[in-house]
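Below is one structure, written out as structure tokens; comments come after it.
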């Protein structure tokens with residue numbers, strides 16, 4: 001009977017981690033639905049980006065208040081995980097504070113965890129205040145209504161509760177240590193929970209053990225629930241920020257990729273020796289149906305764009321910098337990323353249900369992202385510059401414009417006029433190419 | 001201005017069996033837009049005054065394809081690109097300078113994959129290099145002490161990380177350079193990029209160029225300096241909208257340098 005807690009713990013741990021891995025594999029599968037794009041070049045620059053941007057938070061601190069608060073919560077969460085390691089070992093083997101043999105180092109570690117936990121708690125309260133009391137505009141854009149708003153707050157509540165449980169657990173432990181109760185050996189230092197501990201003075205040993213164990217169990221179960229909540233929320237960035245910054249685009253921001261499929265056709269058209277009536281060569285014929293130009297659904301995007309979508313944590317810095325959004329246009333770069341992720345999840349669920357994707361009569365274009373949003377973009381790269389984790393909403397907008405123009409001929413009339421001018425006169429305005437140097441004679 | 005400026009073409013150079021030091025890519029705005037043509041002329045005057053051996057493609061130049069690409073028409077872009085590359089490669093062009101950040105970005109970043117690999121410079125970078133080599137003198141002249149704010153073109157700044165060349169030139173003019181609250185990598189777009197120049201804006205509550213002009217007016221400038229013909233148009237319209245055109249000029253960096261010396 002004495003092993004029941006150990007067994008229950010191992011079951012919870014295996015179930016929690018197992019379910020998480022199952023869902024992460026879905027994320028990876030969904031990202032791989034995207035087209036291939038080569039991001040294997042210049043590994044040194046990629047590691048540097050990951051170290052600076054994800055690990056070093058270099059772009060977060062461009063907005064100092066949010067940036068510093070975020071660093072506190074980020075460092076707190078990473079370091080407090082050392083404590084989670086102890087909790088897991090204790091849970092499996094039924095030990096208590098297994099690392100306490102470290103002596104003064106252990107005191108230092110526990111003390112640091114407590115201070116960090118407190119700072120995280122304060123940071124999270126301030127984050128919550130920014131969202132709900134100060135009501136920063138970027139958290140109240142139209143796309144933040146309903147679930148995205150609740151999701152953001154729920155994550156903050158989770159973190160508040162986890163930090164509280166950790167400190168309550170230590171405070172009860174401290175009382176038990178002072179009582180000299182059972183295996184509650186005197187270890188650790190408690191710079192924060194020593195102030196909570198007096199609240200529990202006069203409680204019986206049994207109640208204290210119940211409190212300590214209760215907080216301990218709820219804390220670790222809470223961590224496992226939170227881990228599994230990631231997949232259903234916007235919060236995957238705590239993991240995906242690392243691969244996303246690593247695989248981020250290294251080209252100058254102004255450089256759009258040149259569609260290779262188009263290059264082939266253009267070269268053929270320009271080749272005076274090409275026979276326009278020739279049957280396709282055998283290797284070409286095997287390729288099957290001609291490639292679709294641009295993107296109308298998530299499968300038309302590349303995997304890096306889909307990874308971008310899963311990485312977005314809806315902070316809205318992109319949208320708050322977007323000139324179109326600031327002037328009241330419908331476009332919000334954050335919504336582009338949210339829509340891409342939501343549609344990708346829908347496609348993933350469809351695959352889970354049917355074995356492979358079955359047409360659901362929906363697509364990213366129009367069902368999620370309207371043409372009005374796409375045509376409002378000035379391609380100024382403010383959103384790309386603003387993103388703290390190297391996401392490019394612009395590349396998705398451009399791929400969707402490509403689909404609209406090349407597959408649907410659905411450009412706004414003004415742009416069609418501009419393009420026919422380029423085709424006919426070599427300039428976006430109706431001027432004759434032969435007049436190009438007239439300016440020197442005027 | 002009605003005097004004819006000497007502008008040699010690549011074809012003329014070819015006929016004489018010579019090659020210029022640099023190709024001046026004029027661009028569509030610089031060739032046809034009345035306001036931008038003045039920038040083109042100012043830049044040519046500076047090239048002459050620095051004794052730069054340059055030529056233009058003239059009637060052989062065609063749109064780089066930038067607005068078509070940003071509008072989503074990759075076909076048209078690549079047709080334009082391949083045609084232009086064919087012409088430039090036939091003339092064995094090595095170095096290109098342009099006063100348009102859109103042409104600059106496209107030629108520099110998007111042509112190499114299609115076979116057009118050139119050393120491409122924005123005119124502010126080129127003028128800065130002439131200054132550094134001692135071939136061009138930039139002096140304050142009539143702009144000395146004027147309050148000037150520089151509007152970063154997206155396709156020069158964020159797109160290609162060129163922030164200092166235009167500012168270095170302006171500082172040489174001994175002007176009081178005042179930054180807008182949103183500048184350099186945080187600079188706000190003028191509203192023309194991504195082919196917006198050629199269409200009506202989508203429904204909203206304000207035009208982007210008005211928002212940006214308000215940023216500029218906050219600095220209480222005598223002159224708003226630009227480095228892009230499209231930004232120039234947008235900011236000029238913004239200043240007119242605010243009825244400030246009598247007190248505030250919108251000028252290209254090249255125009256400022258040329259006018260300072262009464263070229």
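Heads up, the Cβ atoms here are built off N, Cα and C, so glycines get one too.
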Which range of A:41-64, A:65-88 is transmembrane segment, per TrEMBL:
A:65-88
Tell me which of A:176-194, A:195-213, A:214-232 corresponds to the transmembrane segment entry in TrEMBL.
A:214-232
What residues elsewhere in the chain lie close to the domain '4Fe-4S ferredoxin-type' (A:303-334), defined as a C-beta under 8 angstroms and at least 6 residues from its ends?
27, 30-37, 39, 63, 66, 137-139, 141-144, 148, 151-152, 234-237, 240-241, 243-244, 247-249, 340-341, 344, 370, 372-374, 376-378, 380, 382-389, 391-397, 399
Mind checking which residues of the chain, 6+ beyond the ends of the domain '4Fe-4S ferredoxin-type' (A:367-397), have their Cβ under 8 Å from one of its Cβ atoms?
49, 53-54, 57, 59-60, 62, 237, 241, 244-245, 248-249, 253-254, 256, 295, 301, 305, 308, 311-313, 315, 317-324, 329-337, 339-340, 342-343, 404, 410, 412
How do the residues of the domain '4Fe-4S ferredoxin-type' (A:367-397) split into helix, strand and coil according to DSSP?
14 helix, 1 strand, 16 coil
